[in-house]
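See structure below.
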């Protein structure tokens, strides 16, 4: 699953763990329930079970309280539960002041309303009993990530390096460390540094203000230094006396420069590759068991330095960890060695007319893509023989334009992924819709596997996505965002691509009928809009 999730980041889909609360999913609690609830704090698997009667007590008794607001039916919440319990146990074993709690937001509607809960799971940190300004959780949705994030908030975000010897030991302690050199640790720039250190929990931070430490590292002014045991060894980010430090800018610089100039796609590096949010990825697919193919890394590396921060150069072993991502590029192991460049914002893929692996050729190709001089190569499956005789027409990349933009037809298209559970749940309704309109000359019901087909002017960010293409000139497109049932689909079609004004219906099931499928809760909380 993890490989699938990470490979999907090269598809430009949304990775993460939220389900929107787009409907009524719970009824009011019966009055009898309120009578038996008290402010007693109970636990399940080491996690505090919170409700409106004991929430204030929990805040008063625990200095740091991370609360998960969940829905019992939410698949992402169910997958997070074991990791949340493991994190709670780990923090308790460390005698940390941090505790974890959970609130069933569908039952505790007053709490859900108070804290603006609109998606599940939502995690918020309450510090020192403060109920009015909880901090949104920004770490990884796994046990290790939760523990790291809480530890960073329970203690100092950066270690004070009091002398040159302490600093040298700290710098040599790990492959990558960050040290902020500030002549005044109370300065505004230093406070921004502490803020960044608190958020970037997968890196280790230190601070120094002693003159001897400045001198030991050849510094005379406030500077943030990233030390690493590879590539150039050290990267300095001087603090502009006029501008000071910008937290977002510093965070991005650190995420870019903590990476090796050329990364290998592995289980250990994948989070860093996608977490750096570098807008383009240049990929060298090779078989590491071939010495001849391994030698191609030299030219690849020589080209990489020119584009640092703009293009991330990544080696993918087609016979190793990278094998599972090959289908998303339309490749097989036999295609190695080969090069591809991916534009991350829209998943556009680019390739040379003929692979040339010299550093000069690679630089020229990459610069051509950045300058807009190279057109993307779009994937397309082959259409099945009976694609246009089925009730639901099966579209592929090469047939999409002629069908969707037929000026005599109103075309309703489902963009799906074969593995998407929401797509599977609505499959029967879509098939029934196709049968209902199979004899209508002016309406076409169709579907397209968006993992195997790419379109030049349409980027799919979540599954399923439903688009309506009305008849007539202008190549218009309307996104459908309402309930996914046959009757609502029919009303939409019969009303010309809009829904008539009427009170919203309460769904009969607790499934999120309008939510987008998110492949996994793995990944950072902030990347839920972008695997």
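Counting starts with 1 at the first residue shown.
Every residue, even glycine, has its Cβ placed from backbone N, Cα and C.
As recorded in TrEMBL:
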| type | residues | note |
| --- | --- | --- |
| SIGNAL | 1-16 | signal peptide |
| DOMAIN | 13-155 | domain 'Thioredoxin' |
| DISULFID | 74-77 | disulfide bond |
| DOMAIN | 369-498 | domain 'Thioredoxin' |
| DISULFID | 420-423 | disulfide bond |
| REGION | 493-531 | region 'Disordered' |
>> With every protein chain in view, what's the tally of Cβ atoms within 10 Å of the Cβ of residue 77 (disulfide bond), excluding that atom itself?
In response: 24
> What is the separation, in Å, between the Cα atoms of residue 423 (disulfide bond) and residue 74 (disulfide bond)?
Replying inline: 16
> Would you say which of the disulfide-bonded residues 74, 420, 423 has the most Cβ atoms within 10 Å of its own Cβ?
Replying inline: 74
> Whole-number Å distance between the CA of residue 77 (disulfide bond) and the CA of residue 420 (disulfide bond)?
Replying inline: 17
>> In whole Å, how far does the CA atom of residue 74 (disulfide bond) lie from that of residue 420 (disulfide bond)?
In response: 15
> What mean pLDDT does the predicted model reach across the domain 'Thioredoxin' (13-155)?
Replying inline: 84
> Which residue counts does DSSP give the domain 'Thioredoxin' (369-498) for helix, strand and coil?
Replying inline: 35 helix, 26 strand, 69 coil
> In the domain 'Thioredoxin' (13-155), how many residues does DSSP call helix, how many strand, and how many coil?
Replying inline: 50 helix, 34 strand, 59 coil
